[in-house]
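Asker: Please see the structure below; I have some questions.
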Amino acid sequence: MSTKDPNRLPHEKGFHISWDQIHRDSRALAWRLDGLGPDDGHWRAVVAITRGGMAPAMIVARELDIRTVDTISVKSYHSGGGKADQRREAEVLKSPDADIMGDGTGILIVDDLVDSGKTLELVRTLYPKAHFATVYAKPQGEPQVDTFITGVSQDTWIFFPWDMALQYVEPYRGTD
């Protein structure tokens, strides 16, 4: 029986995603979405939630041959790193083209992850008929997403490749 360490930070339960993995999972998302669009199975456009949704949205758009791509920028975290990353109310910093969006019908909105669901909840109020897809989903945010590939526990911190830097690490033994 395991016990939780009260001194362990939540992000210490990590799930590291490589570029290869996000590519495979984003392609799997595209395959799952193929044929689900309201226009004979096709989608009118892909909208990426920046910044995390940009890479998955690019891959989904390529796989489904969707040429109309836009972004919506929503800020719901203070990104100071570590303990400074605290949730706050979500706010839209940049909206997609209104002529494309309408009420969201035929629009595929893509993000890398749904965590608390606050970001998707805000975007869903703006585009209630859009289809919301994420590569990864945590239980608290799952009600806000229509399609996702992999579920992860709420206390898991996902390390995406665009957030990681390669750096030298000392070997366990010796330095020569």
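Using N, Cα and C of the backbone, Cβ positions are placed for all residues, glycine too.
Swiss-Prot feature annotations, pasted as is:
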type    : residues                                                            : note
BINDING : R51, G52, R88, D111, D112, L113, V114, D115, S116, G117, K118, T119 : 5-phospho-alpha-D-ribose 1-diphosphate binding site
BINDING : R88, D115, S116, G117, K118, T119, W157, I158                       : GMP binding site
BINDING : D112                                                                : Mg(2+) binding site
BINDING : D115, I158                                                          : guanine binding site
BINDING : D115, I158                                                          : xanthine binding site
Asker: Cα-Cα separation of D112 (5-phospho-alpha-D-ribose 1-diphosphate binding site) and I158 (GMP binding site), in Å?
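Answerer: On Cα coordinates alone, these residues lie 10 Å apart.
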Asker: Find, for the listed binding-site residues R51, K118, the residue with the lowest Cβ contact count at a 10 Å cut-off, counting only other Cβ atoms.
Answerer: R51
Asker: Ten-angstrom check, please: count other Cβ atoms within 10 Å of the Cβ of D115 (GMP binding site), all chains counted.
Answerer: 24
Asker: Could you round the CA separation between T119 (GMP binding site) and R51 (5-phospho-alpha-D-ribose 1-diphosphate binding site) to a whole angstrom and send it over?
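Answerer: It is 12 Å, counting Cα to Cα.
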Asker: Across all the protein chains here, work out how many other Cβ atoms are within 10 Å of the Cβ of I158 (GMP binding site).
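Answerer: Other Cβ atoms within 10 Å of I158 (GMP binding site): 19.
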Asker: Taking 10 A as the limit, how many CB atoms besides its own sit near the CB of T119 (GMP binding site)?
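Answerer: There are 25 such Cβ atoms around T119 (GMP binding site).
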Asker: Measure the Cβ-based neighbour count of W157 (GMP binding site), defined as the other Cβ atoms within 10 Å of its Cβ.
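Answerer: Result for W157 (GMP binding site): 15 neighbouring Cβ atoms inside 10 Å.
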